[in-house]
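So the structure is just underneath, and the comments pick up after that.
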Amino acid sequence: MTSTDTSGALVRAEIDVAALRANAAALAERLAPARLKCVVKANAYGHGIDIVAPALFAAGWRDFCVATVSEALHLRELLGDDVAITAWLYGPTTDLDAAVTAGIELGVSTVDSLDRLRDAARRTNSTARLHLKVDTGLGRNGLAPADWKRALDKLRGLDAGPESDEADASAVAPDLEIVGIMSHYAVADEPERVETAQQTHVFDSAYRELTAVLDETQGRLGESGGLEVHIANSPAALTLSPLPGTSARVGLSLYGLSPLDDQNSQDLGLVPVMRLVSQVVNLKDVPSGHGASYGFTFTAAADTRFALVPGGYGDGLARSASNRAEVSIRGTRYPVIGRIAMDQMIVEVGAGEVSIGDEVVIFGPDGPSAAEWGTWADTINYEIVTRISERVDRVEVEPHPVDGGGLR
Ligand SMILES: *Cc1c(COP(=O)(O)O)cnc(C)c1O
């Protein structure tokens, strides 16, 4: 530890871009002939969009998804015009003009947004490229059955405007182009449940209805043959065979994490991309009976040694993992004792071989997994990585020397 750390950040998220590329390649192979849509919402699940998106782009990936319009616009700035970007979450007051002019493909989950997108397209003299989103049962976003019918009627109506003189209508760029149909599964991580097949069935019917409308309107709102069809997320992509749709929106697994309870990253041939590390900054011998951290929820049962480790809920670690979590120092697991505070936590190292300055692996391929932290914090690995806060430095690194999987 001779080098001086100039960033001042004590907790670091190392982002293994080789693992990211390998995961994308492995997932794409599994999905084929369906195509991979890389989901990079929520700061690339906490991994850092500014590292993750350019790394995927450099590896040849051109199809990205985010949730919000602001995420989409940021991604457009970052990657330029040569990528498809889909976003599906916006509200009645979201400015859609910028998204439409930036060529962001938008999910449509309300009838009203069809009007708003047509208006945005007219105002900006561009074409709004849309993915109709069907609620096939999740109950979250997407057009529920009655709204789905109304949306299809509206599309027919748009085509039958006063100017629907054949030659003219096909000569001008349409306000709206339906480029895709999408939905989202609720329980694809539990392969034994029947609801997934039911959702697929509802999705199939909606797909047939939409292609009928596109054919009726003679392709003026989009070509039924070229429609992009996507419903699968990571758990569906890893469990369904054959995979429904022409593409799949994959987030979690791209980052090397498993969405399934009974299989870990390695079982799935994936490599965790984030390695969250800190360091030992203080060490003290304490007598039996000594308390640890706020509330004294831990008391030493015997004479022992405490190591102080920067990293707390201000960095996005879960306070609910207090007295349950473990970290790894020099390859040995030690318990986090007492309450995890805003900035730091205490680790009981006892007689272990530990020095000030030692690296502490909070989670990563050579320490506890994000899934274990999920268990300790009563949540899931998705949340564990996504909640890593801005204070933590994201640094792009060479692959860590652990069984690296099939790096290419
Ligand atoms: C987040 C999200 C995904 C990606 O899900 P993963 O399980 O992380 O692969 C796909 N589709 C929608 C609509 C989402 O919100």
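Here the Cβ of each residue, glycine as well, is placed from N, Cα and C on the backbone.
The active site, proton acceptor annotation in TrEMBL covers LYS41, TYR294. Marked as substrate binding site by TrEMBL: ARG140, MET342. Among the features that TrEMBL reports, domain 'Alanine racemase C-terminal' is placed at 273-397. The N6-(pyridoxal phosphate)lysine annotation in TrEMBL covers LYS41.
On the structure: features taken from TrEMBL.
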residue : record                       : DSSP (3 states)
LYS41   : active site, proton acceptor : helix
ARG140  : substrate binding site       : coil
TYR294  : active site, proton acceptor : helix
MET342  : substrate binding site       : coil
Discussion item. Just to be sure I understand the packing, how many Cβ atoms besides its own are within 10 Å of the Cβ of ARG140 (substrate binding site)?
Written reply: 11
Worksheet entry | Winner by Cβ contact number (other Cβ atoms within 10 Å) across the recorded positions LYS41, TYR294, MET342 | LYS41
Item to complete: With DSSP as the yardstick, break the domain 'Alanine racemase C-terminal' (273-397) down into helix, strand and coil residue counts.
Response: 22 helix, 47 strand, 56 coil
Fill in: Per-region confidence, the domain 'Alanine racemase C-terminal' (273-397) (mean pLDDT, whole number)
98
Item to complete: Could you round the CA separation between TYR294 (active site, proton acceptor) and MET342 (substrate binding site) to a whole angstrom and send it over?
Response: 11
Fill in: Integer Cα-Cα distance in angstrom, ARG140 (substrate binding site) to LYS41 (active site, proton acceptor)
17
